[in-house]
Amino acid sequence: MANSFLDSLTLVRQNTPLVQCLTNSVVMQFTANVLLAAGATPAMVDTPAESAEFAAVANGVLINAGTPSAEQYQGMTKAIEGARKAGTPWVLDPVAVGGLSERTKYAEGIVDKQPAAIRGNASEVVALAGLGAGGRGVDATDSVEAALEAAQLLAKRTGGVVAVSGAEDLIVSADRVTWLRSGDPMLQLVIGTGCSLGALTAAYLGATVDSDISAHDAVLAAHAHVGAAGQIAAQKASAPGSFAVAFIDALYDVDAQAVASLVDVREA
């Protein structure tokens, strides 16, 4: 597993993947800083007139309808079309799906457009699979363990990887189930850590798409990178404000061997 982390992180830093982020306004700047610190290049191109064209030249695309508008929905649809036509991996982050009807309807309408990965919390994943009603806004009310069936259903339905974030992360693909223990509770006290993980997942998928690293391992490595950085940041910070700064620094500083040593991975 250490080799997977080493190779994935090396490719991200060597290739500086260009990630098109159609994401929510609350986390846009934080997401861009996370990508830059990790070794990727962010581009917040989300207008309908430009989204498809840009998705064709990007290495990865994030679709995150956390603060959606009618125009952004159109831009997301165009970006997905452009990504699919060009073979660009795209990631769906189903923010607050299940709890709000309009975004739930939209997410349900695009989930069959073959996202390379879906990343959300347990309640979002359960709701997207049609097995539950969603959480409390962006907060999960289901356990990660309870989302296993939903993640497996979505992985089979899309042919992609499904990642469920929590105290222990769950990574599921058609023939694998992996549990990852890492991170720190302080990550939950900084807005944007989850949403930026979706963007970083797109970066890892884009950087490794032409390698022998599987999409499952690329998604796992992205989560491990964030988890390890969270642990390092927690050792240096005493409160959320200083943690946010330390987290960005740790994403930049940490090497693959340190990531592998700080996370606990088990195959189910």
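Even glycines carry a Cβ here, placed using N, Cα and C.
Annotation source Swiss-Prot lists substrate binding site at MET44, GLY192. Annotation source Swiss-Prot lists ATP binding site at ARG119, SER165, citing sequence analysis.
In the three-state DSSP reading, SER165 (ATP binding site) counts as strand. Neighbour density around each Cβ, counted as other Cβ atoms within 10 Å, peaks among the binding-site residues MET44, ARG119 at ARG119. Note: SER165 (ATP binding site) has non-local neighbours ARG119, GLY120, ASN121, VAL144, GLY194, LEU197, HIS223, i.e. same-chain residues 6+ apart with C-beta under 8 A of its own C-beta. A simple way to gauge crowding: the CB of GLY192 (substrate binding site) has 21 other CB atoms within 10 angstroms, across all the protein chains here.
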